[in-house]
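Novice: Below, the features straight out of Swiss-Prot:
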type   : residues : note
SIGNAL : 1-20     : signal peptide
DOMAIN : 24-91    : domain 'POTRA 1'
DOMAIN : 92-172   : domain 'POTRA 2'
DOMAIN : 175-263  : domain 'POTRA 3'
DOMAIN : 266-344  : domain 'POTRA 4'
DOMAIN : 347-421  : domain 'POTRA 5'
Amino acid sequence: MAMKKLLIASLLFSSATVYGAEGFVVKDIHFEGLQRVAVGAALLSMPVRTGDTVNDEDISNTIRALFATGNFEDVRVLRDGNTLLVQVKERPTIASITFSGNKSVKDDMLKQNLEASGVRVGESLDRTTLSDIEKGLEDFYYSVGKYSASVKAVVTPLPRNRVDLKLVFQEGVSAKIQQINIVGNHAFSTEELISHFQLRDEVPWWNVVGDRKYQKQKLAGDLETLRSYYLDRGYARFNIDSTQVSLTPDKKGIYITVNITEGDQYKLSGVQVSGNLAGHSAEIEKLTKIEPGELYNGTKVTKMEDDIKKLLGRYGYAYPRVQSQPEINDADKTVKLRVNVDAGNRFYVRKIRFEGNDTSKDSVLRREMRQMEGAWLGSDLVDQGKERLNRLGFFETVDTDTQRVPGSPDQVDVVYKVKERNTGSFNFGIGYGTESGVSFQAGVQQDNWLGTGYSVGINGTKNDYQTYSELSVTNPYFTVDGVSLGGRIFYNDFEADDADLSDYTNKSYGTDVTLGFPINEYNTLRAGLGYVHNKLSNMQPQIAMDRYLESMGDPDASDFAADDFTFNYGWTYNKLDRGYFPTDGSRVNLTGKVTIPGSDNEYYKVSLDTATYVPIDNDHKWVVLGRTRWGYGDGLGGKEMPFYENFYAGGSSTVRGFQSNTIGPKAVYKNGARTSGGDNDEYEDCTQESGCKSDDAVGGNAMAVASLEFITPTPFISEKYANSVRTSFFWDMGTVWDTNWDPSSAPSDVPDYSDPGNIRMSAGIALQWMSPLGPLVFSYAQPFKKYDGDKAEQFQFNIGKTW
């Protein structure tokens, strides 16, 4: 042993010359210190083998090769005669990774970043990488204004050369902006310029965008906003000279100073376009026209470049280059814009592929495409396909990816990546709605039946006032041209009194069939035929009902039956960005019906629904929604429209904050009628000669409803569920009236129900959730304009209604 130590000491002492330039032949290789790494694996990583002649350079290469494996903290190579002695110290293996004190950064995100750097359980620990991670995390906190933050890696040794790794965070508090100064501005005040920033030194309570917490990225965005503000107003020489960010000694306050040079305003003198225009010079020229004397505007220049790219993209030039170079003339304060265009190659579509459609068949998606395989690539056609897939309502998200075909100079594949949502439900259960009380529901509803695109529904409902069942089927592509065919059969037993309406019972059944004819991308016409049988009973005579029965020649009937055949028609304009929870676009839906010969009744009825979504931010998280609903109907040939076909308002789908159906005309019962009491649970006879006023709604033949909503991000909801939950603040208004009402036929204390000016209003908040059980809608509204007989209902909850 003493001899060995002496040998090693002598080797170390003479390490510079032990191998010699002439080298020596390696007869054997021994390792010391290996634990986890196998000898064979270590030998394979070495450039030296038994029998090789090695010198100093070979030994250096061996040390580098062993270090390069990442398995060792220290490597020494010694000579013992003709034996190489390799002494190593293995890096410890990570047994566990934990985090402490991190609030701004989630554990999952930290684990992903660590794994990307090669730090994971079961791998060896590289302390150099660990130091880089500490610094990187601290830099992240500094970028979001937390200058007192610190991140420390605590390594705890364990048996068998293992360690526990714990990252300890001290995040501290975000530094708040104390003051923002802009130096060098003369044309605009500092207050005016800062009002366009996200970062503020003062934030009013009503400002939901401004923020006093400093973030490096937000400052960069604000500086770009400042630059654009000046460039859009003709200041072509504008420049941000410098930016100083000063930190208070306690690291809790920030002072920002921006030094600028405004320069003078410049006007455009002309636009000159050159380059490869691919034969579209006339169209490009239209996009580059300017008004004489127009101020230079950076945003308009960028938009012009984008418009040229979009134009060329429609003709298959998928990767055009458009560069604008302003030529500034300081003498006359003008700018001549030189635009260089290179259309590049025209690309053709080899294949259109779909990814993520595990349920929906390819054919269902492919029939929505406007881009054809083999044709040149049209960016507008690809976008139309995306819009049409979104409007189906089958998918949470739809993304497109244009991929160049390897080895081909002019071919691409277009890939549509979809994320399917649950388009169907099977339910059997008991529910509660504020409009319907306790309800029993059972049914199957599938908007994408077996992935074919068919909509199939078998539904039944039983609640306090209704027993309803329906079977419906719709084929959206009955023909290859997109003509749809839909039909349904239904049965309904309706107790009007229990629905806060006038007293009568209506048992009805019927069927209808409808064809839909697409006119273009956004417009569809519908036409169809329907049949319905209505059996009325338990009718308590009231003025509106009596007026109808009299027109039918049976004024004293307490029971009545009618069979009607109708011609149904409709028109839909749909330019919404997606089928559910839209954020942009408009939808207009006109529906109507008119009785045809062979019917007992003679009347027509038409309604118009509109909805417009206007996003106010680029991410479409803040959206303004305007909705209207109009309805009108009347009798034909001297007959009245049936009272059971009247329009109603009030409830979650019209004017929230009011009980369902309670807005508008109320029943005025005739002398001798059995009327309901105020709580709809006690009855008494009407004994007044002129009739008895009541709170029972009868609806009207005309309706107008409007709503203004402000859709906001839902607080406390992660991005994963953001597309399934919607929160909005709303203002509803509406009314129902009877154009055939005769005030002289009712007691003097009864309002004039022919007056359309009796508008009800409410305001509140709504939450919609696309739950696994179906759409759930919660709303709380406070009526602030109502009339005699209206019934308030602040909280409302329903299943299956969204807008």
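Placement of Cβ uses the backbone N, Cα and C atoms for every residue, glycine included.
Situate these features within the shown structure.
Specialist: DSSP places the residues of the domain 'POTRA 1' (24-91) in helix, strand and coil in these numbers: 19 helix, 26 strand, 23 coil.
Using DSSP to sort the residues of the domain 'POTRA 4' (266-344) gives these counts of helix, strand and coil: 24 helix, 29 strand, 26 coil.
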Novice: What is the number of residues in the domain 'POTRA 2' (92-172) that are helix, strand and coil, as DSSP sees it?
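Specialist: Its residues fall into 27 helix, 27 strand, 27 coil.
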Novice: Looking only at the domain 'POTRA 3' (175-263), what is the model's average confidence as pLDDT?
Specialist: 86
